[in-house]
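One structure is given below, encoded as structure tokens.
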């Protein structure tokens, strides 16, 4: 220090401490609270929920950087509160620190709106009950830019945040990929939608006609999950509950849903609410992932929804600027008990899991060919001349015009004499082509817009694959094996058929032939049946009255819409509420009538009847899902699925009389070697009919009509190139080895 002093001539003085300018303080705080656009959406949606809203709508432009608009139908904001609305630490949720001990609202700091005004341009439009008009006011840096102006408004509040992070250049540059941020916003709204089932949520991009999240208020949590995350997720969930009321260890109550052994996903989806607050808990998530990895094969990634209720004084909500995390009293004990319950449920679920063996049933239209009939020697030829080298791009594994070249020909199975299926592929193709140039209905601008949407979203690469592929066979119950040029693909026939049927509904709008039901089907009973099937607790009859009311309301709604349904979609309903006719979407194809109850419920619950385009689109989607080629409800009798059809006999337990019935059951179930032939025959017929329809109807129609959307390139509908094809030296052994290899990949 002395040497440095001598060189510089004087000692360095300590830097002065000074008070930061208030604008700098506020902008720093704003950057902590509003970290990215999804943070702003979360704060605004939580404010809407605190305002007792029953409908919340979110509109986003450029991932939220240009515009975030959140509209609700809550109680609104009083005119006299508008001047201080966006000042820091102004709130209606608490008045003193002790109030945090019993806080039940989602907001309480009074920083969210203030933070948005420091990093964006905020405009608020609101009206309260009893007012003749609403008020609109803009804010910047926490203060009003002008006095509130009277304006027309609908019930509730609308908050617009424009040009987010306009004054934070570094933050804005790191958020240029708007697609990522919009995906996070959609995920956030999806999570709110499955928890707050009494609130309707919607989220869409600015300029888009279709909402990416659209949920309606419902009485069933499973319905909400189905509408947001899809049927495949909802179908593979187990209801779970846990609780403890011991003040010395932990006091909590948990209920929710977890995925079972049949659910497959690449990443964990954990939706956690604690005291109705959406939060993250890394310790709980890791604990559940450990249970799944140890209990289920292939370390399946789970879907978990949990709602945990604790006494408010046991939760510290003030540990994170964005309220993303909370601190719990006795957190380790609570996690351990939840982990134990989940493990127990999964072990019980895993006992009934079945693994399907890879088998491909031959089409009844194709005669079986024995191994002796096949010439497997590549050097042998009819004239003994040397074979010419075939260019790689012209190599094919099979000949689409030669049935003997298909995968079915290499498998010998017992003949199915009880199946009488018209397998004339020529007749089917001819019938399909007759409808190829069907006059499209463009009388309604909404239909023309939907047709334009289909065209604009078509993926050119997938279109080429779809139009020029060759069907090889079914790889499992959902995926078909296709060949395009020298590449092989797995294609999800459920997704493909669903999209094809949806597009057919739009194209044939108003021009449908009809399927006449053999007997009128009462809509109320169908909807009631669907509601009961969705209730996982089969022994619970407490909600039967509610189900009847829902069924009756939906039936009355559909009766009011019968004229439109019949004219535009070919769905006929009589004045008594009976379903009489359904439309024909593809020739020589009839949908699975076991799914009629689900379709009837979907028409009542999932269709937006208020707005024309949304109504037509959601009805077309409901028809597409109903007509899609889902696996039959009866298990596949191939492989281990055959065990389901073995006869079961109840026998009295004839152990010593000294043993009480409390130690062992009075009856035991004995599984015999005989089969329920009638049920087995029905299942074989259903599965064979489905495969025939996939091969001869779906793929023929798909080549003519389907315009695959871009989403199919990334959502797993097509699994690209698992094996580079080379026909040289191919043999039956290689074909069958490839089939076994494929089945192994599918189960990974």
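Any Cβ shown, glycine's included, is placed from N, Cα and C.
Curation does not apply to TrEMBL; its annotations are automatic.
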TrEMBL annotation (region 'Disordered') - matching range among 352-391, 392-431, 432-471, 472-511: 352-391
Listed range which TrEMBL flags as region 'Disordered', given the options 629-648, 649-668, 669-688: 649-668
Secondary structure composition of the domain 'DNA mismatch repair protein S5' (225-347) [DSSP: H/G/I, E/B, coil]: 47 helix, 40 strand, 36 coil
